[in-house]
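**Student:** The structure is given below, and queries will be raised subsequently.
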């Protein structure tokens, strides 16, 4: 059992069961996660574990970051992540978290950054219905239409669905099943799709709303 781990989405493939059933899976590469700081309720007001992954050139590490990594006696990673620790499990600075913390058949939640789609209209962004293709409609086929009333209330309500930037948001997909754990190659094979493009960092946690295969 673990509080979570940081990996990198590498792409999708499929695996076959003994019965010949094809299962689409996402491959997550998980380099050893190095613990850089352990936060406790006494010192920080809450319990959490700060980790780093990968490596970064020394010229790209700020002095404050270099001091932080040196204090933990770990190599500077490409970034730092923080995972809340609500369990009784104890972690030590400098320790490594690997894929062996998970097991096949376990359900997980995966958090990542969705693909950016740029500036999008309401039809694409919010699945609005289109207006008439003909019958007097010449240039308003994909226009959202009215955004509110007139004098009362005389404004557009907050959170009105309109055109704007689509994607590039933090997204969490819940209750994905781990099909296989490859400890030799540091890989997790997860059933289904996860957020983001290949090469993006993702956070893998035990499922909050865990379910069983029964």
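Think of each number as a place in line: the chain as shown, counted from 1.
Cβ atoms are placed via backbone N, Cα and C, with glycine included.
The N5-methylglutamine feature in Swiss-Prot is assigned to 151; the stated evidence is sequence analysis. The region 'Disordered' annotation in Swiss-Prot covers 133-155.
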**Student:** In the three-state scheme derived from DSSP, which category covers the residue listed as 'N5-methylglutamine'?
**Tutor:** coil
**Student:** With every protein chain in view, how many other Cβ atoms are within 10 Å of the Cβ of residue 151 (N5-methylglutamine)?
**Tutor:** 5
